[in-house]
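Annotated FAD binding site per Swiss-Prot: Ala91, Gly93, Asn94, Gly95, Ser97, Gln101, Asp162, Thr167, Ser173, Val177, Ile228, Tyr479, Ser514, Gln517, in sequence order. The domain 'FAD-binding PCMH-type' annotation in Swiss-Prot covers 58-238. Feature annotation from Swiss-Prot assigns pros-8alpha-FAD histidine to His96; the stated evidence is experimental evidence.
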Amino acid sequence: MIAYIEPYFLENDAEAASAATAAGKSTDGVSESLNIQGEILCGGAAADIAGRDFGGMNCVKPLAVVRPVGPEDIAGAVKAALRSDKLTVAARGNGHSINGQAMAEGGLVVDMSTTAENHFEVGYLSGGDATAFVDVSGGALWEDVLKRCVSEYGLAPRSWTDYLGLTVGGTLSNAGVSGQAFRYGPQTSNVTELDVVTGNGDVVTCSEIENSELFFSVLGGLGQFGIITRARVLLQPAPDMVRWIRVVYTEFDEFTQDAEWLVSQKNESSFDYVEGFVFVNGADPVNGWPTVPLHPDHEFDPTRLPQSCGSVLYCLELGLHYRDSDSNSTIDKRVERLIGRLRFNEGLRFEVDLPYVDFLLRVKRSEEIAKENGTWETPHPWLNLFVSKRDIGDFNRTVFKELVKNGVNGPMLVYPLLRSRWDDRTSVVIPEEGEIFYIVALLRFVPPCAKVSSVEKMVAQNQEIVHWCVKNGIDYKLYLPHYKSQEEWIRHFGNRWSRFVDRKAMFDPMAILSPGQKIFNRSL
């Protein structure tokens, strides 16, 4: 039936849409041909929704956008693609991919936002510990899950991303990492059950016990094996407040040693949130000292820095959860007991107390500012990597202190994670050596007035960093990976490539799903 719509919607403009209407072919008819209850958008309307992403460096023309009512509509779109010779299907959450991963040129894009409210139910796992969970739609935004869980049940998911304007299915298809991951692992380690539409068009419930191969394939699977329509996410009691702290270091070795000590402690012997970032040793308002203070009344005093410090500095970012019923003295003692072990620069400590939900939504204000000044709509050539503890010192000396010593016009995150909190049965790949590895995120923002050449230079610098890693044998993996050839993907997955290929053969043998990742080509 998909052949029915192709002749009428190959041209992505109003003229083609008018011609189709004149011929008596409407989008209602297309919906019927796909056997779905939801809406179909074609032509310019489809391109407006699914032709660009947050990265802003790719622009493609999908054949149509499917706005499903539920999983059966998604399965219908996949089955229609299977009946065609060349159509592909991509799931699009909130469009936050960087390199076109959620796009389908000439294919069908499934707009998961229309399913956001299909599931929301809190329950408890069977067993003695009464662990709470919430069933949510794959198209739900994490910020909405947070607000509803806390306001209605006093509960919250355990593991987060920094920015919560992302869909549940989107982050679970990658990993989902923030400052809680050292304790609970990524978001992929905090789900117990999924509903998935596979590349065969099947709607399948899966877990560690039931259809386990699909379950672990989809988690971190880059959308290659199925589209997540429901996830069962583990919950815990939500705290009321967070003590948010930043402390500054001049020496990378001391910064990393303190961070590694914190993430290696047992729950009550550490903070609840541990992250870190690099910033420029200067007054640049976007890249330098002003990015560190947490409150308008705070001021970064550069006279506290030794004259010997280098071009970049380092900041540990910490969070401690507490209840309204906890006394200030109790919280202060817990903080001082932990802070007292750290070797940051005296006088460069900043802290505020704020509600738990506000802390988790802290990036929301940055989003609002970026939308006001236009940088939310400009390209975002971001680079995210996992780097082993063994090589993070070399990475600092070459990348932080040389290649990006003037900043990237956005945050430069670096903080440790623990291998033991990640499940190697999932499709996520991390560095090969050691218990501790680091996430590095160069989150570049482009000024609205910037020339195309400046974006190209940023992309070239990202490539230079990756090439340096390869040339020097750095134990690294791209997070939110983007490659253009299968040879690069084979190198990325290493000895897990054969498992990845086998899983593809099981759950999407025609390579229908997620063509924007550029891992497999559509099979006839």
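We count from 1, first residue shown onward.
Using N, Cα and C of the backbone, Cβ positions are placed for all residues, glycine too.
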Exercise for review: Grab the pLDDT values for the domain 'FAD-binding PCMH-type' (58-238) and give me their mean, rounded.
Suggested key: 97
Exercise for review: For Ser97 (FAD binding site), write down the residues of its own chain that are at least 6 apart in sequence and whose Cβ falls under 8 Å from its Cβ; none is a fine answer.
Suggested key: Asp53, Phe54, Gly55, Met103, Gly170, Leu480, Gly516
Point to revise | Among the FAD-binding set Ala91, Gly93, Asn94, Gly95, Ser97, Gln101, Asp162, Thr167, Ser173, Val177, Ile228, Tyr479, Ser514, Gln517, as the record gives it, the longest Cα-Cα distance in Å | key: 24
Practice item. Could you check the binding-site residues Asn94, Ser173, Ser514 and say which one's CB has the most other CB atoms within 10 Å? Key: Ser173
Practice item. Give the sequence-ordered list of residues that share a chain with His96 (pros-8alpha-FAD histidine), lie 6 or more positions from it, and have CB atoms under 8 Å from its CB. Key: Asp53, Phe54, Tyr163, Gly165, Leu166, Gly170
Practice item. Have a look around Ala91 (FAD binding site) and count the other CB atoms within 10 A of its CB, chains all included. Key: 29
Check your understanding: Taking the Cβ of Asp162 (FAD binding site) as the centre, how many other Cβ atoms fall within a 10 Å radius?
Key -> 17
Exercise for review: For Ala91 (FAD binding site), name the DSSP secondary structure in the helix/strand/coil scheme.
Suggested key: strand
**Study point:** Intrachain C-beta neighbours of Ile228 (FAD binding site), sequence separation six or more, cut-off 8 angstroms
**Key:** Ala91, Gly138, Val168, Gly169, Leu172, Ser173, Leu194, Asp195, Val196, Val218
**Study point:** Ile228 (FAD binding site): secondary structure state under DSSP, collapsed to three categories
**Key:** strand
